[in-house]
2 protein chains.
Amino acid sequence: MSPTRIPEATVARLPVYLRALNSLLEREIRTCSSEELASAAGVNSAKLRKDLSHLGSYGTRGVGYDVEYLRYQIAREIGLTQDWPVVIVGIGNLGHALANYSGFSSRGFRTVALLDADAARQGELVAGLKIRPFTELSAIVREHGVAIGVIATPAAAAQSVCDHMVDAGIRSVLNFAPTVLTVPPEVDVRMVDLSSELQILAYHEQRKSAPASPDPTLDPEVVA
Amino acid sequence: MSPTRIPEATVARLPVYLRALNSLLEREIRTCSSEELASAAGVNSAKLRKDLSHLGSYGTRGVGYDVEYLRYQIAREIGLTQDWPVVIVGIGNLGHALANYSGFSSRGFRTVALLDADAARQGELVAGLKIRPFTELSAIVREHGVAIGVIATPAAAAQSVCDHMVDAGIRSVLNFAPTVLTVPPEVDVRMVDLSSELQILAYHEQRKSAPASPDPTLDPEVVA
């Protein structure tokens, strides 16, 4: 773990670099230049070198980066060399998909419990775990030292689930429900909006299908 | 649609602003200052004003932004005032969740077909649509003018599905499979890595639990 906090934008790119390094390793590539790694990660190489310098990782002149070692450095920086017990609340289709998502377990995230408020679902086996009542949340957090709570409930239930998570001692929440959550300052929430990426694609698609032209309705107004 | 391409980082924040504006409207807030909107969106207000200036949107001095009008401007800029026919391939748990996700349809994305290679799944009704054979992809793309393809298959099938989408004329692909896809330059791919956000949370969680300290194993090496 590096001595100082690294910039938030760099933190957000570390998982991308890790994925790129994993795919290089799958192709049995042991060393790579910053250009190769940048291309695999889809960023420019100057930005990549800057980002990695925050980790104290500079590669070796004429050789480049040792893929395996850099992967270890990034995994350690993110904290993936630790064990992260995770609880998933809301076992509908999305909760099912998350419970079965191989990308979680392969990155150090261990799902220790699946919780659902619906009594009819309880005892059902999903990804090797029995669905348990939501009322057991606090006991499960204590027992397993759960650090991260994943919310996959409908939007209407998400804030209440989040409040219970915070009361139970969870300080990091990953929210898949399409609603903004309010939490105390010591709690981190990240929201995955499944439609954001579709919107970004639509922006580009629109520009492919219609060449850009000035829009007379967009008159600059006075600054607020 | 503004005359020039706006920066990619701004494009990526437009869905966030749109979500914030929607939540202000739900609370019947009709005008807001750049500070209020920035706070609802979780960005700093200088960045917000810069971003919105790319859209020719400056608010009104002493009044701020008209929430409804700004929402329209952003929706038009992204292209959400158009109709976007979408096809989802791979109707496992994640495909089911995406087909039922209200956040897609409410933002102008219309799922016109669900496709799966598994013959046993065909004819099954999901979110009001019958699962159809993957072999019908080209015909469906032609019939509905599908612009965006969503891949929710296992990683091993994703590249082949993507190749078929490109052959069928799809130029924008949203990939949920945990693998990097190769496409021709005219095709845009965006990848949703469900574990990325969990990794970013782990980074912060790690720093909460252990105060930062210098790491002697991180010796700067020579620049590659």
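Just so you know, glycine gets a Cβ as well, placed from its N, Cα and C.
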> Which residue range, B:16-55, B:176-215, is the one TrEMBL calls DNA-binding region?
Replying inline: B:16-55
> Counting Cβ atoms within 10 Å across all protein chains shown, which of the binding-site residues B:Asn93, B:Leu94 comes out on top?
Replying inline: B:Leu94
>> At 10 angstroms around each C-beta, which of the binding-site residues B:Gly90, B:Gly92, B:Gly95 has the fewest other C-beta atoms nearby?
In response: B:Gly92
> the DNA-binding region (B:16-55): mean pLDDT?
Replying inline: 89
> Is the DNA-binding region (B:16-55) packed against any residues at least 6 beyond its ends, judged by a Cβ distance under 8 Å, and which are they?
Replying inline: 2, 6-7, 10, 63-68, 70-71, 73-75, 77-78, 80, 107
